[in-house]
Every structure is written in C-alpha cells, then in structure tokens.
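Below is one structure, written out as structure tokens; comments come after it.
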C-alpha cells in the first residue's frame, strides 16, 4: 500500500527533504455523499422533502376518508400505491443521505486521528524515496548525508498511568515514591519510619501543613507496605484543619454531593445538598420534594432550641447530693448560676437546670442557647464555670466528669427522645390525592396502612427508641456530611416519628415528622471548610446571623426536617407500590470489582 496517497499527510519535497523541512500540510477534502448526486444538493434535498410531506399529507387524507366511509384500509388505488412508493423512497433518501454524512464525519475523523499516530517507519520511507529525486539522489553511492526529518511530538490527551503488574499472593506491593519529595523530605521520611520523629509533630517542625501531610503519607506507605495511591493529597488546604478538624492528615476522602429539590418549605424554596454514596437516596428525596412542591409546600415549627450537658458529681452521702439538687433547682439561685454560666460566652445563655440522683451521685443537666453554633464546646465551658463556683460552696463535692452521659451525646437515649436536645422541630404537609397517584404512584389508604404497620407497630415490636420512621438517618447523615455537621450526632438527630393520616374525606394525605433532637450549627467545626461552607451558602445559612443570632442554625434544622419529610414520603410510597427492590437494583448496585 502506498502511504503517500493518503489525503491529509504532510509530505516532504525533494528540495525540503534534503533540508529536513516539512511542507505545510495540504488540505485535501474527503469525498462526500453529495458528490454522487446528479443535481445540486439543495435542489435534491428540497425535492425529497417536498415529496415526503406531500405524499404523507395525501395518504393521511385518503385513510381518513376510508375510515369515515367504512372502506377497508388494505384496498388501495393506483394513486395511493404510487404515493406509498414515493413515501418509502423519500424516507430512504433522507435517512440514508444524512446518515451517511453523519457516519462519514466519524470515519474521516478516525482516519485523521490514525494518521497523526502513524509510525515513523512509513514516514522515513517517503523521505528516502523523495530524496532520490533531489540533489542527493545518489546518496548511497556518493556518501551524501540526508538529514533526518524533525520528529513530531504529539502531546498526550490524558496523562498516562503506569501499567499495573499482577503480584502473587506472597509478594507485597512496593511503596509508591512521590516524585515531589526532595532530599530533605527523604531524610525526614526515614526519620519517621525509624521512629525518631513523631508523625504528629511534623506540622510544628516543618511549618508547612501540605508538606507534612505528604511526608506522613509516604512514611505510612513504607511502614505498612500498603499503597495509598487512590487517596488524594493535592487540592486541599490542610492549614484550614490544623488544630480544629483533623490531626495527622494523609489526604482526604471524596464523597459525591447531589442536590434534591426544590424543597418548598415555609414559603421558600431550597436546593438541598446531600453527600452520600448510596444510590437512589438523592433521587428518592428529590421525588418527595416534588410531591411536596406541587401540593403547596410544607410547614415547620421550631418547638425548642437548647443544647445540654450533664456533669456527674459525687458526695459522701445521698443526703448531701440531694441538698445540692435542691439548691441548683431553686429559682432563687438561678440568676447567680446564670451569671457564672454566661460569663464565658456572649452567645451562651443558661435556660434551665434539671437534676437526677443515683445514690450519692448527682447528674446535673444544664440547658442553654448557643447562637448559630452547635454549642457543645460553648456549653461545656459554661458548665465548668458553674462547677468551679459550686465546689467553693460545697467543698465535699467531687467532680467525677464534666459529662456523665445523662446529656446524652451521640448515643440513643430516652431523655433526648422525651426532653429534646438541640433543636426540636415538627414539619408537616398535605399531599393531594392526584399527587399521591401520579408522582408517588400509590394510594392514600395504602400509605396510611403501611405507616401504621411499619413505622409504628413494627418499630414498637422491635423495641425501637426514637426510630419510628422509615429512614430518617439516611437524609440526616447526607445533609450533615454536606454541610459540615458532626456526623456522629446523626444518632440522636435522627430520632423521628413519622405520622400519616387521610384527610379531606379520605382523599388527601397528611404527613408529618417530629424530630426532638436535631443538633446543627452554621459556625465552627467542619462548617468552615470550603466545600461544606459552599453547601451552607447554597441554603442561605452560611456563618452566623449578626442581626438575629441563632436564626441560621434554627433555619438549617427546619431544612433538615423538611428533607426528612420528603425522604420519608418517597420511600414509604416506593414500598407501598412495590418499587423498592426494582429501584435499588437499577441505581444502587456496584458493578466494579475493587478486588482486582
């Protein structure tokens, strides 16, 4: 095959080949489908378009007349037969002509791409043949040296990945050496591996958080013999987490963020960010948001706003413990205790104190408002101030711990289910009958019955504590991860009871969620990270509200409850309609074998 006959190849003339200079690339047009037409392209296209629409209109009119006159459709006249032949011919032309052009564009592009990556042997062959007709035609006999052509370098479109070599079970993968490490970094890595330099001290010694994380990651790979190639390191501001979010970082985990909504809540629309790896979750919540939206929206009420902390103290006798209980619960002493509690923060305000006795041990529960912060650190500082004051009044009081688990933080507890912790919210909506049928694909009566037997009776049979719902924790966890909340507080924040009732003569559905302990904040912790801060900004609750302290956190709590309402509504409908397994098989199945 003569490679010089290809249309878009940059060739070398005898003159330029001797100088090693390529000619400009010659543009040779590829053959087109229109080249085979006897008439100009625009006339041919117009003819067949006119034929197509004309015969289509004629046939439709004729068939309508046959239907009106009760004439069988298979009885055709000569004119109808010619019209059908013309219709078929025009369809074949239009599909074939434009189809050929469409496919040919890819074929020509493929030929061009394959030409760009042609091996150098064919190119060298052309140069040698052309050079025989130039000044150095007798190069082989006269010793004339023909300079080789410049080598064209083609930049790769994507970075090449190193080939993966299969290892036997007895072999260990060699640690990955990061190319960005300098000789000084290599010495530090060896020091960390040998145990001479503590890994936790790298940030303070180096003064560079990114460099410290890079060195720590490489040292970890060498110590364990395990690769962390899939754990990204670049693209994160490690100085932003120093001393507040994470210690000894070696990278960051990527979690996809989806958007459910718009959620129409209290007359406003919200696009709810959800960080999750569970397929169907965002789609299901989004369907619930749609059902709420077209039904007029949902309404929410904030019932309570107060974070709690309950230290445990011990006396020598139960009588002395009871005396302190009566003292702190006396309304006459509340002002004094409030002054002690509130002095550590301009946002923390003591709301109330309740005590519980277990023998000679006393558990004192402090409740306070915390502004736009979630407030655990804030309330802990206030509690410490009060304990210091009480210890001066009761010298025999022994402080066992600033947290006695009577709070109760990050654990399911009846006290939070009954009394509440953080923000207590109820959210409700009335879903119209036609929405239940068209959007949720089920019936009002079926939803009410399922909710009774599943969320209420079934949960009671299981001895559930705060778990009288379908999957509130799914939505709470996803929103918490996206907005920088403490994911461990999903435990009590997901306490929820879902209620469904037929209203308006049994036609419409009243659905509500009551969540007594939603613990959220818009300042502090993970809320200051760039990604989480962006999600808070999307909801309009980023940072502290200077005009009305605490209003951003309260609004975020109602958005969480509204999102849970949407998620409950959609999942219960899927179960009622028998669509749960089908949807999860479609959207929530892993098709990648990570063991390979």
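Each Cβ is built from the backbone N, Cα and C atoms, and glycine gets one as well.
The region 'Disordered' feature in Swiss-Prot is assigned to 1-29.
Per Swiss-Prot, transmembrane segment is recorded for 41-61 (among others), and the stated evidence type is sequence analysis. Using a Cβ-Cβ cut-off under 8 Å and counting only residues 6 or more beyond its ends in the same chain, the transmembrane segment (41-61) has close neighbours at 34, 79-80, 83-84, 86-87, 89-91, 93-94, 97.
Feature annotation from Swiss-Prot assigns transmembrane segment to 83-103 (among others).
Marked as region 'Linker' by Swiss-Prot: 104-183.
Residues or ranges marked as region 'Catalytic' in Swiss-Prot: 184-596.
What Swiss-Prot lists as active site, charge relay system is 278 (among others).
The N-linked glycosylation site annotation in Swiss-Prot covers 342 (among others). Residue 342 (N-linked glycosylation site) falls within a helical segment according to DSSP. Proximity of residue 342 (N-linked glycosylation site) to non-local residues of its own chain (separation of 6 or more, Cβ distance below 8 Å) is seen for 348, 349, 350, 382, given in sequence order.
Per Swiss-Prot, active site, charge relay system is recorded for 410 (among others), and the stated evidence type is similarity to another entry. In the three-state DSSP reading, residue 410 (active site, charge relay system) counts as coil. The Cβ neighbour count for residue 410 (active site, charge relay system), using a 10 Å radius and every protein chain shown, is 17.
Counting every protein chain shown, the Cβ of residue 455 (N-linked glycosylation site) has 22 other Cβ atoms within 10 Å. According to its DSSP assignment, residue 455 (N-linked glycosylation site) is helical. According to Swiss-Prot, the N-linked glycosylation site annotation covers 455 (among others).
Proximity of residue 486 (active site, charge relay system) to non-local residues of its own chain (separation of 6 or more, Cβ distance below 8 Å) is seen for 374, 410, 480, 519, 525, 526, given in sequence order. The secondary structure of residue 486 (active site, charge relay system), as reduced to three states from DSSP, is coil rather than helix or strand. Feature annotation from Swiss-Prot assigns active site, charge relay system to 486 (among others).
Marked as active site, proton donor by Swiss-Prot: 584.
Per Swiss-Prot, the feature N-linked glycosylation site maps to 588 (among others); the stated evidence is sequence analysis.
Here the Cα atom of residue 278 (active site, charge relay system) is found 22 Å from that of residue 455 (N-linked glycosylation site).
For the region 'Catalytic' (184-596), the mean pLDDT of the prediction comes to 95.
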